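Quick notes on the structure that follows.
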């Protein structure tokens, strides 16, 4: 109450206050049964102004140890057993205090009439600006999230457990053809974590939307665009924290190149879900996104479904992540991945396979040998990704632009 009293003006309705609480108030409007005014004015120190008013108009004397609130109720006959023979409403209307108050009210009315008319045209649907609405809603959402540790811990634990599970499933994958494919699926599985994260997001968002639809939109408290923007912004810091935990549990355990750690960390943050995916059809739509991004079903095997490959935003997310994490690296075939060839008589392995390597790629481990050529069909990860998954390292900046365009489009239509 002390904090509230620091504001310019406040009105309180009190019922049977204690003597200490009664001293907190400066002015009081006292009504008797029927809503008729009995007193309106200052209380004074220790309620002396109020007590003097009643005593000067014929009431009994207030005892020194009596609660002023109980005294006034007893005097006007508003107590449980109190009665009054005086008409305190009539006394108030004929009192000097009432006349002074009425004079003050008349002066306020006169001053108000002399002011120029106020523009009554409705300038905006809402009482405050869109930025102010968004700021207040963001503050409210941040407080609501902080008071819901179950939701926050579920989000963070999912990232940690998912990162450790994927990381140790593909622990220290080597730079062989199989190891490169393992790294590819490690990245793909890390993006799949966005599915349960999105399902977690639906609960607080739908609860907030329900309150908005029932109470806050009919009263024009704020714009729905401010609500959506605040919901998007409040998720950002927690998803960045969750992505950071996922990254540290996942990146080095899989065995990705350390020199690209910083860039890949920024790319992982793009997997954070946003509020527009909190729809009932999310699982069905997301299944199409996963099936046609070129990982589970390579691009060359999609047939006429290639239009879905180009339409899916996950195509560009996967290509950006894979190109950054494992692109432009040399592949060292394991013994089982080498192809053993016999060159024609009089030619070395290098001479025999040079034309093929210049056209199709690959390398020979023993180019000077004249028998038992050990040939690896892939030399660089770029070649492996392009041939099998239609993924190109050179497209990483293009993919960033396309993902930004997808985000802007989704937010704008929501």
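Residue numbers in this text run from 1 along the chain shown.
From the backbone N, Cα and C atoms, a Cβ is placed for every residue, glycine too.
Remember, TrEMBL labels are computer predictions, not curated facts.
Sequence annotations record features per position, and here TrEMBL assigns domain 'ABC transporter family G' to 15-77.
Residues annotated as domain 'ABC-2 type transporter transmembrane' in TrEMBL: 133-322.
Sequence-distant contacts of the transmembrane segment (150-171) (same chain, at least 6 residues past either end, Cβ-Cβ under 8 Å): 182-183, 185-186, 189-190, 193, 196-197, 200, 203-204, 238-239, 241-243, 245-255. Summarising the annotation, TrEMBL assigns transmembrane segment to 150-171 (among others).
Taken from TrEMBL, the feature transmembrane segment applies to 183-201 (among others).
As annotated by TrEMBL, transmembrane segment applies to 222-253 (among others).
For 265-292 (among others), the entry in TrEMBL reads transmembrane segment.
Annotation comment: TrEMBL describes 382-411 as domain 'CDR ABC transporter'. Look at the domain 'CDR ABC transporter' (382-411): DSSP puts its residues at 27 helix, 0 strand, 3 coil.
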Same-chain residues near the domain 'CDR ABC transporter' (382-411), Cβ under 8 Å, at least 6 residues beyond its ends: 177, 180-181, 184, 228, 232, 270, 274, 276, 294-295, 298-300, 313, 316-320, 322-324, 326-328, 331, 361
Rounded mean pLDDT for the residues that make up the domain 'CDR ABC transporter' (382-411): 81
For the domain 'ABC transporter family G' (15-77), residues assigned helix / strand / coil by DSSP: 25 helix, 13 strand, 25 coil
